[in-house]
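Features of the protein shown, as given by Swiss-Prot:
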TRANSMEM  13-33  transmembrane segment
TRANSMEM  59-79  transmembrane segment
TRANSMEM  94-114  transmembrane segment
TRANSMEM  125-145  transmembrane segment
TRANSMEM  154-174  transmembrane segment
TRANSMEM  178-198  transmembrane segment
TRANSMEM  209-229  transmembrane segment
TRANSMEM  260-280  transmembrane segment
TRANSMEM  292-312  transmembrane segment
TRANSMEM  332-352  transmembrane segment
TRANSMEM  363-383  transmembrane segment
Amino acid sequence: MQSYLGKLIQHEAAGGVLLVIAAAIAMVLANSPAYDFYNGLLEIPVSIRFGAFEIAKPLLLWVNDGLMAIFFFLVGLEVKREVLGGQLSSVSQITLPAVAAIAGIVFPALIYVWFNIDDPVAVNGWAIPSATDIAFAVGVFTIFGKFLPLSLKLFLLSVAIFDDIGAIVIIALFYSQDLSTTSLIVACAGFVALFLLNRFNVRRQAAYVLIGVVVWAAVLKSGVHATLAGFALAWFIPLKLKNEDGHPMLPHLEHKLHPWVGFVVLPIFAFANAGVSLFGASISDLLNPITLGIAVGLFVGKQLGIFGVCWITVKTGLAKLPDGSTWVQLYGVSLLCGIGFTMSLFIGSLAFEEQGLAYQTSVKAGVLLGSLVSAVLGAVLLARSNAKSKERAEREAARDA
């Protein structure tokens with residue numbers, strides 16, 4: 001378990017660096033003479049047709065509906081593994097990160113609603129600041145917290161997992177469109193087929209993948225957001241059953257997908273969604289209630305919810321601090337949870353899908369501002385604590401020598 005988490009954290013850290021690079025390139029293109037090229041690239045129409053069945057979308061929506069389904073599939077695999085035998089398999093292990101994640105969803109949403117309560121359209125984006133970008137958060141932690149307790153990293157990962165579950169529930173309940181009964185029936189039939197594959201110990205991964213693609217397409221056509229199909233499909237992948245090559249199926253898929261998601265899927269998503277054009281925009285244009293609600297929700301709401309509820313939970317004896325950690329270190333992690341970036345941008349694209357460029361620009365500005373401030377202050381705080389931990393470790397090593 002420890003070695004797996006170490007590899008996971010390394011992947012997430014390197015992926016976080018790529019996310020920064022991809023987002024920076026998008027910002028440069030969106031604010032340069034290459035803006036038309038950047039925007040035109042995202043609007044390229046792409047269609048897939050099988051007989052009378054057709055899916056036609058601009059490239060941007062293929063990224064958001066297709067590639068992000070792979071990301072949520074990986075999240076589902078991680079959650080299933082942790083629930084069945086990992087960090088989320090017992091009440092004592094999940095109490096603190098679970099209540100922290102719930103508070104980290106509720107408090108930012110309340111702050112956003114407070115800023116936008118008088119605008120019935122804008123208030124639909126209440127869930128945008130509720131998300132945490134696990135790749136960015138773990139990346140910053142790994143860079144600036146090398147000598148901090150491993151338990152603190154596990155706490156951050158667990159909070160992020162619960163946060164992802166919350167985001168999935170929110171998308172399912174609040175950001176799905178008018179439903180198509182026929183498509184839902186096809187999707188349900190696909191899930192039944194996957195259950196039977198699992199029940200009869202079918203070892204061929206290709207069978208699961210083929211049915212999974214059909215389910216994704218059916219869910220996409222049904223009006224339920226297609227990324228939810230990715231998360232649901234993961235729960236039909238056997239945990240211990242070995243595939244045709246002799247590898248346990250779920251861990252094998254998880255291992256294979258991690259580099260693709262971290263180094264391809266999420267950087268492409270960041271490139272496609274982070275380009276905020278500031279041409280002709282004034283400070284007052286950017287600091288509107290949507291932008292402020294998101295930025296303040298991410299920076300203030302996340303840390304207030306997570307740290308505040310953790311303090312109450314620990315002081316009342318319902319849980320304890322991660323082993324070897326301090327309140328200052330936990331506060332630093334709470335700040336990192338305010339890095340919403342990819343997940344916040346994704347929810348923003350759903351919340352204001354029909355509202356046009358102005359709303360999306362406000363969303364992107366708020367997400368980037370709140371995430372940047374949270375990342376910088378969290379990194380500074382953890383770096384100072386990390387330096388003290390390093391000095392302590394060096395003194396102990398010298399004493400032992």
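Each Cβ is built from the backbone N, Cα and C atoms, and glycine gets one as well.
A quick note: this is a predicted structure, and the numbers were derived from the prediction, not measured.
Looking at 13-33, 59-79, 154-174, the range that has the most CB pairs within less than 8 A of the transmembrane segment (209-229) turns out to be 59-79.
Three or more CB pairs closer than 8 A are found between the transmembrane segment (292-312) and the transmembrane segment (94-114), so contact between the two stretches is assigned (pairs 6 or more residues apart).
The transmembrane segment (363-383) shares more Cβ pairs under 8 Å with 332-352 than with any other stretch in the list 13-33, 59-79, 332-352.
Residues 5, 8-9, 72, 75, 78-79, 82, 87-88, 93-94, 96-98, 100-102, 104-105, 127, 130-132, 134, 137-138, 141, 224-225, 227-228, 231, 306, 322, 325, 330, 333, 336-337, 343, 347, 350 of the same chain lie 6 or more positions beyond the ends of the transmembrane segment (154-174) yet place their CB under 8 Å from a CB of it. Through the fold, the transmembrane segment (13-33) approaches residues 39, 133, 135-143, 261-263, 266-268, 270-279, 341-342, 368 of its own chain, all at least 6 residues removed from its boundaries and within a Cβ separation under 8 Å. Nonlocal intrachain contacts for the transmembrane segment (332-352), taken as residues 6+ away from its ends with a CB within less than 8 angstroms of a stretch CB, comprise 19, 23, 64, 68, 100, 104, 121, 124-125, 127-133, 135-137, 140-141, 145, 152, 155-156, 159-160, 163-164, 167, 170-171, 175, 225, 227, 266, 269-270, 273-274, 294, 298-299, 301-303, 306-307, 310, 359-360, 363-364, 367-368, 370-371, 373-375, 377-379, 381-382, 385.
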